[in-house]
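Please read the structure below before turning to the comments.
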Amino acid sequence: MEKLRRVLSGQDDEEQGLTAQVLDASSLSFNTRLKWFVICFVAGIFFSILGTGLLWLPNGVKLFAVFYTLGNLAALASTCFLMGPVKQLKKMFETTRLLATIIMLLCLVFTLCAALWWRKKGLALLFCILQFLSMTWYSLSYIPYARDAVLKCCSSILS
């Protein structure tokens, strides 16, 4: 129906870019997007909690780092279903979120490196904590004035 509307209004498919054509062809309904958002978000919470539970097992730091990182990636991917992957990536790298995004992604990678390759448990835990803090700071950027409120709260506690 959309193609018919474009043809009738004088717009050709050739005017539409390749990316727009691909996104048009693979777009999901709102209900489907909402369902997959919930599935990914719940999976992210589940993996994060599972990873936290595995932390207390002998040699569980590796599993903790993997599952905690997998949980954060699933939670991050869940928002791609709500706003679309291209829009999500554009928003992630806006100037207001750029630093938080870079730190978050680096912490995701360094958590896995510390746990799996470097075999440094303390470093893996440190990167998981930094991963949590950077993910929280990144998430707060979507709520108007939330970062300012957190900064004021922290500064009043520290002074």
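Any Cβ shown, glycine's included, is placed from N, Cα and C.
Listed in Swiss-Prot:
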TOPO_DOM  1-36  topological domain 'Cytoplasmic'
MOD_RES   Ser9  phosphoserine
TRANSMEM  37-57  transmembrane segment
TOPO_DOM  58-62  topological domain 'Lumenal'
TRANSMEM  63-83  transmembrane segment
TOPO_DOM  84-97  topological domain 'Cytoplasmic'
TRANSMEM  98-118  transmembrane segment
TOPO_DOM  119-122  topological domain 'Lumenal'
TRANSMEM  123-143  transmembrane segment
TOPO_DOM  144-159  topological domain 'Cytoplasmic'
Inquiry  = I need to check the long-range neighbours of the transmembrane segment (63-83): which residues 6 or more away from its ends have a CB within less than 8 Å of a CB in the stretch?
reply    = 28, 33-34, 36-41, 43-52, 54-55, 57, 91, 104, 108, 111-112, 114-116, 124, 127-128, 131, 135
Query = Near the transmembrane segment (123-143), which same-chain residues lie under 8 Å Cβ to Cβ, leaving out any that are not at least 6 residues past its ends?
reply = 61-62, 64-65, 68-69, 72, 75-76, 92, 96-97, 100-101, 103-104, 107-108, 110-111, 114-115, 150
Inquiry  = Please count the residues of the topological domain 'Lumenal' (119-122) that DSSP assigns to helix (H, G, I), strand (E, B) and coil.
reply    = 2 helix, 0 strand, 2 coil
Note = Contact set of the topological domain 'Lumenal' (58-62) with the rest of its chain, CB cutoff 8 A exclusive, min separation 6+ beyond the ends, reads 115-116, 121, 124-125
Note = DSSP puts the residues of the topological domain 'Cytoplasmic' (144-159) at 13 helix, 0 strand, 3 coil
